[in-house]
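Just below is one structure, and these are the notes that go with it.
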Amino acid sequence: MTTHRNDTLSTEASDFLLNCFVRSPSWQHWLSLPLSLLFLLAVGANTTLLMTIWLEASLHQPLYYLLSLLSLLDIVLCLTVIPKVLTIFWFDLRPISFPACFLQMYIMNCFLAMESCTFMVMAYDRYVAICHPLRYPSIITDHFVVKAAMFILTRNVLMTLPIPILSAQLRYCGRNVIENCICANMSVSRLSCDDVTINHLYQFAGGWTLLGSDLILIFLSYTFILRAVLRLKAEGAVAKALSTCGSHFMLILFFSTILLVFVLTHVAKKKVSPDVPVLLNVLHHVIPAALNPIIYGVRTQEIKQGMQRLLKKGC
C-alpha cells in the first residue's frame with residue numbers, strides 16, 4: 001500500500017484528486033482492513049436480507065417491503081462510496097473524473113435523504129402497529145407502501161438534484177485536489193473560485209428541511225409508541241416492545257447523530273482537525289448499512305424463520 005502525497009495537479013483538468021487524510025495520512029493504514037470488512041458485511045448482509053424477503057412468501061408484507069427498500073438503499077450507498085475509498089486506501093488511486101464525482105455527489109445526497117425518509121415511514125408503521133393495532137391492516141396496506149415509496153423517491157430525487165447541478169456550474173480555476181475521500185458538496189465547492197454562497201445555503205437549508213422534518217416525525221412516532229407501550233399490562237409484551245422499538249430508535253439516533261456531528265465539525269472546522277469530518281463522512285456510509293440488517297432483520301423472529309425455511313429448501 002502506498003501513501004504517496006502529491007497535491008500538485010498531477011492529472012488532467014478533467015479529473016479531481018481525492019486526498020483523504022491530509023493531517024493524518026497514517027489513518028489509511030489502520031482503517032483499510034476494518035473498512036473492507038465492514039463493506040463486505042454491509043453488502044453481504046443487506047443482499048441476504050433482500051433476497052430472503054423477496055423469496056419467502058410469508059414475508060411479503062408492508063413492513064418487510066419497507067425493510068427491503070432500506071436494504072436496497074444501503075447497498076447502493078455502499079457501492080457508490082466505499083469501493084472508491086478502498087482503492088485510495090489500498091492502491092492510492094486518487095483521481096476521479098468530473099462526471100463521476102458529480103454523479104457520486106448526487107447519489108450520496110439523494111440516497112441518504114431517501115434512507116432518512118424510509119426510517120420515518122417505518123417509524124410510522126410501528127406507531128400504527130402498536131398504538132392502533134386493530135386498524136393496522138386497513139392503514140398499512142400494499143397500496144400504502146407503493147404511495148410511500150413514490151413519495152420517498154419523488155421528494156428526494158427532486159430536492160437533491162440541484163446540489164450536483166450547482167456544483168457542476170462552478171469554475172475551479174485549475175484547483176482539483178479535494179481534501180476528502182468522497183465528492184462531498186462542501187469539499188468540492190471549496191475548490192471553486194466562484195461565489196459558493198448559494199451552494200452552501202441550499203445544502204444546509206435542504207438538508208435541515210429533509211432530515212429535520214423526518215427526525216421530528218420519527219421522534220413523535222416513538223414518543224407515542226413509548227407512551228402506548230408503558231400502558232401495556234403484560235410484562236413480557238412491554239419488554240418485547242421496548243427491546244424492538246428501542247433498538248430501532250437507537251439505530252436511527254446513531255444515523256442522525258453521526259450526520260449532525262459531521263455538519264458541526266464542518267461549521268467548526270478551525271477548532272477540529274479537517275480529517276475528523278472526512279472520517280465521519282466515510283463511516284456514515286458503511287456503519288448504519290452494516291447495522292440495519294442486524295437490528296431490523298436478524299433480530300426479527302419472522303425473518304429468522306424465513307431464512308431457516310429457505311435454507312431447508314436449498315438443502
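From the backbone N, Cα and C atoms, a Cβ is placed for every residue, glycine too.
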Practice problem: Return whether the side of the membrane given for H29 in Swiss-Prot is the same as that given for R299. | Solution: no
Quiz item: Of the listed stretches 59-79, 104-124, 144-164, which one has the most C-beta pairs under 8 A with the transmembrane segment (278-298)?
Solution: 59-79
Self-check item: Winner by Cβ pairs under 8 Å against the transmembrane segment (144-164), considering only 30-50, 59-79, 104-124
Solution: 104-124
Quiz item: Long-range same-chain neighbours of N185 (N-linked glycosylation site), Cβ under 8 Å, sequence gap at least 6?
Solution: M105, N109, I163, P164, S167, N199, Q203
